Amino acid sequence: MENFPKEATLWPLNRSWSESSSGSEIIAANRTVNPLKRNEEVAKVEVAVLFVVLLLALAGNLCVLAALHASKRASSRMHFFMKHLSIADLVVAIFQVLPQLIWDITFRFYGPDFLCRLVKYLQVVGMFASTYLLVLMSVDRCLAVCMPLRSLQHRKDREYVLGSWLLSLLLSLPQTYIFSLKEVAHGVYDCWGDFVQPWGAKAYITWISLAIYIIPVTILSVCYGLTSFKIWQNFKLKSRRDQPLRLSRELADGAALSRVSSFSNNF
């Protein structure tokens with residue numbers, strides 16, 4: 001939703017990039033990509049998909065917030081995390097999906113430079129916040145299962161959630177420096193990513209991939225793996241503890257049955 005495909009193909013046309021690069025790949029891209037045209041059929045599909053995603057995101061998260069508000073356990077720890085996760089998802093829907101939908105309809109960004117930087121900033125804030133709040137929930141559940149006493153003693157839910165939001169706002173700041181209103185062709189302006197070095201675009205995409213996808217997914221995998229292992233371990237220990245009790249009950253039932261049989265035989 002960050003408009004990577006469109007920007008990744010058009011970035012080589014940025015003046016600062018093309019003037020500082022002499023690579024054959026950049027030259028080939030300059031010859032084949034026309035910033036004044038686009039595939040209208042692909043654009044229609046993208047608009048339709050974004051519209052459906054926007055409706056589902058708004059409806060789903062508003063329903064979650066309404067259910068949490070009506071719940072009698074609205075003050076519970078998980079409900080607090082879920083509320084902020086739904087808010088973060090609404091930020092993604094309103095400030096990322098909706099501007100991208102409008103942008104795909106108009107093809108060009110029609111607005112001042114300040115609005116261009118603000119939109120690009122808010123588009124990434126929601127992605128960071130949603131991802132990091134999800135990671136926070138998984139870490140909290142992992143600690144609750146693996147170290148329940150410590151988890152109960154150290155309750156800093158508000159501080160952790162506030163830290164996730166602040167970190168998201170901070171990590172999104174590079175957007176305001178990378179993107180600005182640029183002249184992509186004679187008399188044609190668009191909200192554009194400008195990189196001084198030819199490797200800037202690759203470094204940017206690598207950074208976004210690491211910060212929003214790879215590192216969070218790794219943390220989620222570790223947390224859910226530890227949680228599953230701990231649950232399996234507890235189940236195994238419980239089965240071992242219950243086994244002697246089960247045997248004693250079976251022996252007691254067998255003894256009672258034998259006494260009843262002996263009593264019946266005597267009569």
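Heads up, the Cβ atoms here are built off N, Cα and C, so glycines get one too.
Unlike curated entries, TrEMBL annotations are predicted automatically.
Taken from TrEMBL, the feature transmembrane segment covers 47-68 (among others).
According to TrEMBL, the feature domain 'G-protein coupled receptors family 1 profile' maps to 60-267.
Within the chain, the transmembrane segment (118-139) has long-range Cβ neighbours (under 8 A, six or more residues past its boundaries) at 1-2, 78, 81-82, 84-85, 88-89, 91-93, 95-96, 99-100, 109, 111, 160-161, 164-165, 167-169, 171-173, 175-176, 178-179, 191, 208, 211-213, 216, 219-220, 223-224. Positions annotated as transmembrane segment by TrEMBL: 118-139 (among others).
Look at TrEMBL and you will find 160-179 (among others) tagged as transmembrane segment.
According to TrEMBL, the feature transmembrane segment maps to 204-232 (among others). Within its own chain, the transmembrane segment (204-232) has Cβ neighbours under 8 Å at 2, 4, 8, 124, 127-128, 131-132, 134-135, 138-139, 141-142, 145-146, 171, 174, 178, 193, 195, counting only residues six or more beyond its boundaries.
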